[in-house]
Amino acid sequence: MTDTKGTPLVEMRDISISFGGIKAVDHVSIDLQPGEVVGLLGHNGAGKSTLIKCLSGAYQADAGEILINGEKVTIRNPRDARTHNIETIYQTLALADNLTAASNLFLGRELVTPLGMVDDSRMEAETRKIMGRLNPNFRKFNVPVSALSGGQRQSVAIARAVYFNAKILIMDEPTAALGPHETQMVAELIQELKREGLGIFLIEHDIHAVMELCDRAVVMKNGQRVGTVNVKDVTDDDILGMIILGKKPPQAY
Amino acid sequence: MTNTNSPTPAGSDATQGPVTRFLRATEIDTRLLGMVAALVLIWIGFHLYGALINGNGAFLTPRNLWNLSVQTASIGIMATGMVLVIVTRNIDLSVGSVLGFTAMIMALMQSRWLPHVFELGSPVIWITAALTGLLMGAAIGAFHGYLIAYARIPAFIVTLGGLLVWRGAAFLVARGETISPLDSTFVLIGGGPYGSVGATGSWIICALACAAVLWMIVSGRKSRQDHGFAQRPVWADTFLSALGCGIIIGATLLMNAYPWPKGIVKDYAAKNNITVPEEGLFISHGFAIPVLVLVAVAILMTILSTRTRFGRYVFAIGGNPEAAELAGINTRWMTVKLYALMGLLTGLSAVVASARLNSATNALGTFDELYVIAAAVIGGTSLAGGVGTIYGAILGALVMQSLQSGMVLIGFDAAIQQMVVGGVLVLAVWLDILYRRNAK
Ligand SMILES: Nc1ncnc2c1ncn2[C@@H]1O[C@H](COP(=O)(O)OP(=O)(O)OP(=O)(O)O)[C@@H](O)[C@H]1O
Ligand SMILES: [Mg+2]
């Protein structure tokens, strides 16, 4: 399957980053095709979030390079990532608790009136539209997000990533706080975005969700890449073996 | 889109008391009511104390309230900036000293340096001096902000250092002397009979302000309608319009009720060839210029904090600095800009404060940082960050200044005044904590 692919949408080569001596990510390479969902798996502290934060601009890798559509790019901060149409749903959600859903959704990219003032009404209207699609039960538009439930907060974070027409979407445990119905809606959303041609990195602990949603899975352990597999060539036990024991099945590369 | 998304589920209205329903419909927050109630209590308390103990209730008089409005201006101007500083989880302890230093520089420019270059009384002098004061305040603030944001020194330490450094600098530049008098046009910014806009001017301002209130309410309704959001009931909007205009008209009547002192009237009459009638001439002060400066600052700062990206980012940083950074906000540069703004407002405050005294003394602005921080906190700014309003801070400034002036009026000495101010600051923070715990 690898040889039939064109230029990858994203290629992260040999990325390393350490925090005070701890190698959080150690020479890891991953890539992503348009319309593909790549799962990123591993135990807690394996380095998954740290790796994708190098792509979203939250961290700068100590070594390695990032290519987008085959071109080498430098991503120094989240603004750079956004200019490359990379959107991220962070594990911590990264919401300002004191602001409303609309203010959070448009944070850093506010809609403004011709006079340059933030246009709260229009932002709220847009937020109502997108939330109507993602979470029709959502009603709390006029309160700070601190007043929302974990799942409602998560849907705000998802809405923010989806609203701005990303080409590359990073989802760090997007369904961690969601109920079964909402989780199903996110799964459908992922499939819809995939059909639209987005590339998605999905960090997910639920192995069944990975088997259902992902095309390929990359497994990490202690900051290193154990291996990459095409999901339809392996069983969930193979993947569990990679995560827990670091054992590479023959189909992996 | 329909109106079904109103924040209050319709059914719950029936179970709420009329007061709660009233507050909800008008969207007046209870905290604001609390502050107004505290203010009214303080005012009545001082008046009664004066009346009963000293035999002279001098607090609730046009004269005292007019003075109170002028005295509040300097603290109020700085408090609007302090709100935003505290909202980002920072603090500025240096404002009193920076005020003292910039006032001193401005005074020296007016009375010593610039008269060598320009003719005495030339408008160039006061304009250059005032602009220098503002810019110098902004530059000092930006420097503090730089140390906080880029050198990563905690704001508390940087501005505590600044508190000592700039007070010392103010002493050095004038060798501890009091510099006076100041330019005669410059002192108008500090108020006084000539530094007020008079009865007619006040009524014009009153009319404009009432028109603005009505326009805001009408355009707010229109905007909610355009987007299909739930409307406030018509009676609530009517009530708010009446309340807003009522307060404005009341303030105008009050300010116009305070006449110029006899001496000034005689002076003025002599200069303008007016014969003063037997019973005297009633010339109203009207709104003092520093009060109008404060109002203008309050409006601009409210727009800045609620209607611009800058303001939005300030609150985002206060709510979650990491999220703000991840949303692409340059939080460090924001910090520099914010402290520069605080410095600019401090410079403006220095103009008002020194103009009011017609001099710059080495002690000018001492303890102002405490009044300003107290004003912001009493006005509902949370020290945990992310929460605060400009109007709250101005009410807070009014509370602090009322306490201060009231104590002077009834003859408490300085030691007791300090103790009360310190106690009130701690009490205000405690009440804030209780309020937030209950609001949860
Ligand atoms: N900012 C940081 N400073 C210091 N150490 C960090 C930092 N961020 C991550 N680490 C360390 O790097 C390692 C990888 O962390 P990371 O958050 O990437 O794990 P993860 O795979 O996302 O785990 P989880 O499944 O729990 O989210 C951990 O050992 C963590 O302690
Ligand atoms: Mg993680």
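From the backbone N, Cα and C atoms, a Cβ is placed for every residue, glycine too.
Note that TrEMBL annotation is computational and uncurated.
Keep in mind the model is a prediction, meaning the values are calculated, not measured.
Pulled from TrEMBL, these are the features on record:
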- B:32-53: transmembrane segment (TRANSMEM)
- B:65-86: transmembrane segment (TRANSMEM)
- B:93-113: transmembrane segment (TRANSMEM)
- B:125-148: transmembrane segment (TRANSMEM)
- B:155-174: transmembrane segment (TRANSMEM)
- B:194-218: transmembrane segment (TRANSMEM)
- B:239-260: transmembrane segment (TRANSMEM)
- B:280-304: transmembrane segment (TRANSMEM)
- B:338-358: transmembrane segment (TRANSMEM)
- B:370-395: transmembrane segment (TRANSMEM)
- B:407-431: transmembrane segment (TRANSMEM)
For the transmembrane segment (B:32-53), I need the partner stretch with the highest count of C-beta pairs below 8 angstroms, choosing only from B:155-174, B:194-218, B:280-304, B:338-358, B:370-395. B:370-395
Are the transmembrane segment (B:370-395) and the transmembrane segment (B:280-304) near each other by the rule of at least 3 C-beta pairs under 8 angstroms (pairs 6 or more apart)? yes
Per Cβ pairs under 8 Å, the stretch of B:65-86, B:194-218, B:239-260, B:338-358 packing most closely against the transmembrane segment (B:370-395): B:65-86
Most Cβ pairs under 8 Å to the transmembrane segment (B:338-358), of B:65-86, B:155-174, B:194-218, B:239-260, B:407-431, goes to B:65-86
Are there residues at least six beyond either end of the transmembrane segment (B:155-174) with Cβ under 8 Å to its Cβ atoms? List them, or say none. 85, 90-94, 96-98, 100-101, 103-105, 107-108, 140, 144, 147-148, 360, 362, 364, 366, 369
Same-chain residues at least 6 beyond the ends of the transmembrane segment (B:194-218) with a Cβ under 8 Å from one of its Cβ atoms are 187-188, 237, 240-241, 244-245, 248-249, 251-252, 255-256, 283-290, 292, 355
